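Report on the structure given below.
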């Protein structure tokens, strides 16, 4: 099937008539970067014993006391600005455009100029969002989200293709997806959302950029300070098997830089997890019992090696996910060894080692207040909430269905009130973290079924009440029932996929309330997806 022609990327979130001309990217895998530097990097110490995770409820007291006494007032000093450092606004955002987007009240425009020394009385220095003409949107999960648009034709061109998560850009201008065909795709925010009034019909979304990796993509992430108004901050990092870490330009899709890691045999090793520091100065990468820290101002092989397991103590296994606290100078690491570790940002000193999951950790997320963080694991039906002030045991747990080794994402809204998670069964569940109270197992406030296939990715928009979901999973043929031995048909397949529901698609849902909260039959038939129960979803 021919891929629809991609519309231009609107970097500054302006209507399409003000967006710059698009840039094309050929669908070719980027060659592996060559390295000529003979210098070897330090290697982690050997050790195969599991981490010494104490069951004592006093585990983590050291960190708790440190946080109670107070933390350093300043974060690590950002390094010299490089390819990903913010700079002045792009010249493409003209002064005229900026002035058109801000309207002053009539009182301000008609007010005469004040002479020197005249007192200003009754003038409010701060304008409210209503005065500036902005609309404040909040997430509302009192009713089932309304389906807006999605992309499905893009992923059916290859057999057995499926999505592997989705992530909104920090500025909300576009969304990034990963799929089993080793292609990263960027979609613009649907142009219908820029129109005033309620838009009931949305066209199918088409990617504006495709970035092809050479092998299975392990992890991907946006630059933490990404803003479409500043093109030099619009970057995406990705890591794939037997390849260096690639930095892609989110405007053109071109490869802009590479970070390479080598083992003790000077062999290239791939990172299993990626995370930019909050100030954008560093890129943290997870390896086997090691975290390597690259400076974003110096692409190449130079990095700081932070070993997480030494002398048969510490956090063993592959570091599968990394997350930074938004308020404290520390970060959390999850490993496939079923352990969680907390480390200082400055030098990686260990603060606490936690255990409690039944499977390898696949995703971490900090609450915006910085006091709590959430963890999820593969083949584990629990999402655990941890309080940094009392790390002896989880604060509470949330139940979700995860029966495979696939990474099932979850996300928090910008206020931290709602937590949304996918599941192997396809159901999307929403919990109110503010109303959890002292309950050990809070129940979801809403649960709905976007499709029958696995919902592996969820991402909440940073400023609009938009929920993005990604679906699909790797499926294996099931044995067929044997028929009569006297049947003459001998070419019947021994394995069949007739009972498998393949629904690989990206979907956008409006979570701000509205008159119509059901998925239309026309969209259901066009996408080939299963209908939800109860007119668009099922309340819990």
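Count begins at 1; order follows the chain as displayed.
Cβ atoms are placed via backbone N, Cα and C, with glycine included.
Per Swiss-Prot, the features are as follows:
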- 116-126: compositional bias 'Acidic residues' (COMPBIAS)
- 531-540: compositional bias 'Gly residues' (COMPBIAS)
- 480: phosphothreonine (MOD_RES)
- 1-126: region 'Disordered' (REGION)
- 520-540: region 'Disordered' (REGION)
- 158-197: repeat 'WD 1' (REPEAT)
- 213-258: repeat 'WD 2' (REPEAT)
- 263-304: repeat 'WD 3' (REPEAT)
- 314-355: repeat 'WD 4' (REPEAT)
- 402-441: repeat 'WD 6' (REPEAT)
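Across the repeat 'WD 3' (263-304), DSSP assigns 0 helix, 21 strand, 21 coil. DSSP states for the repeat 'WD 1' (158-197), grouped as helix (H, G, I), strand (E, B) and coil, give 4 helix, 18 strand, 18 coil. In the repeat 'WD 4' (314-355), the DSSP tally of helix, strand and coil residues is 0 helix, 26 strand, 16 coil.
In this model, the repeat 'WD 1' (158-197) carries an average pLDDT of 92.
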